[in-house]
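Only one structure is covered here, and it is reproduced in the block below.
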Amino acid sequence: MRTLWIVAVLLLGVEGSLVQFEMMIIKVAKRSGLFWYGAYGCYCGWGGQGRPQDATDRCCFVHDCCYGKATDCNPKTVSYTYSVKNGEIICEDDDPCKKQVCECDRVAAVCFRDNIPSYNNNYKRFPAENCREEPEPC
């Protein structure tokens, strides 16, 4: 219960896509994005640098690249509409920005689900100083 309260406090003031992304991860990967991926490897969490450490970290790298390609919108705050049908996420907006951000989040959530076996606790709260290699291009 205390953990749920902490997560609720952390989400206060956060709008749009980040909250929706968290809910999407929970629905698809059956785990909390904040808890499992909030500070993982070199790319999961705020910012990102260096090279992804494993397949899970690569999910975050690709997500960061996808957000970076979103045009004429702020991916972290835009709200979008999606549904879940037969366990699959369907992005429903016609607006190009909302659709693109939803697709970025959908691909990342599926990537997390598909790469649960690669998750390595050694990369949780991974020190940024270990992420100094030359980054690969998006």
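Positions of Cβ are set from backbone N, Cα and C atoms, glycine also.
Record features (Swiss-Prot):
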type	residues	note
SIGNAL	1-16	signal peptide
DISULFID	CYS42-CYS131	disulfide bond
BINDING	TYR43, GLY45, GLY47, ASP64	Ca(2+) binding site
DISULFID	CYS44-CYS60	disulfide bond
DISULFID	CYS59-CYS111	disulfide bond
ACT_SITE	HIS63	active site
DISULFID	CYS65-CYS138	disulfide bond
DISULFID	CYS66-CYS104	disulfide bond
DISULFID	CYS73-CYS97	disulfide bond
DISULFID	CYS91-CYS102	disulfide bond
ACT_SITE	ASP105	active site
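Features recorded in Swiss-Prot, as mapped to the structure shown.
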residue	record	contacts (Cβ under 8 Å, 6+ apart)
CYS42	disulfide bond	GLY48, GLN49, GLY50, ARG51, PRO52, GLN53, ASP57, PHE61, PHE126, ALA128, ASN130, CYS131
TYR43	Ca(2+) binding site	PRO52, ASP57, ARG58, CYS60, PHE61, HIS63, ASP64
CYS44	disulfide bond	TYR37, GLY38, THR56, ASP57, CYS59, CYS60
GLY47	Ca(2+) binding site	none
CYS66	disulfide bond	GLN100, GLU103, CYS104, VAL107, ALA108
CYS91	disulfide bond	TYR80, THR81, TYR82, LYS98, LYS99, CYS102, GLU103, ARG106
CYS97	disulfide bond	ALA70, THR71, ASP72, CYS73, VAL78
CYS111	disulfide bond	ALA55, ARG58, CYS59, VAL62, HIS63
Request  = Check CYS91 (disulfide bond) against DSSP and tell me helix, strand or coil, would you?
outcome  = strand
Task = Determine, to the nearest whole angstrom, how far the Cα atom of GLY45 (Ca(2+) binding site) is from the Cα atom of ASP105 (active site).
result = 14
Note = CA pair ASP105 (active site) / CYS138 (disulfide bond), Å rounded to integer, equals 16
Task = Show, in sequence order, which residues other than TYR43, GLY45, GLY47, ASP64 on the same chain lie with their Cβ within 8 Å of the centre of the Cβ atoms of the Ca(2+) site.
result = CYS42, CYS44, TRP46, GLY48, GLN49, CYS60, PHE61
Message = Out of CYS60, CYS73, which of these disulfide-bonded residues shows the lowest number of other CB atoms within 10 Å of its CB?
response = CYS73
Request  = Taking the Cβ of ASP64 (Ca(2+) binding site) as the centre, count every other Cβ atom within 10 Å, in any protein chain shown.
outcome  = 19
For CYS60 (disulfide bond): DSSP state (helix, strand, coil) = helix
Request  = Quick one: of CYS104, CYS131, CYS138, which of the disulfide-bonded residues has the smallest count of other CB atoms within 10 A?
outcome  = CYS138
Task = For GLY45 (Ca(2+) binding site), list the number of other Cβ atoms lying within 10 Å of its Cβ atom.
result = 16
Ask   = Looking at the disulfide-bonded residues CYS65, CYS102, which sits with the largest number of other Cβ atoms within 10 Å of its Cβ?
value = CYS102
Remark   = Candidates CYS59, HIS63, ASP105 (recorded positions); min other-Cβ count within 10 Å returns HIS63
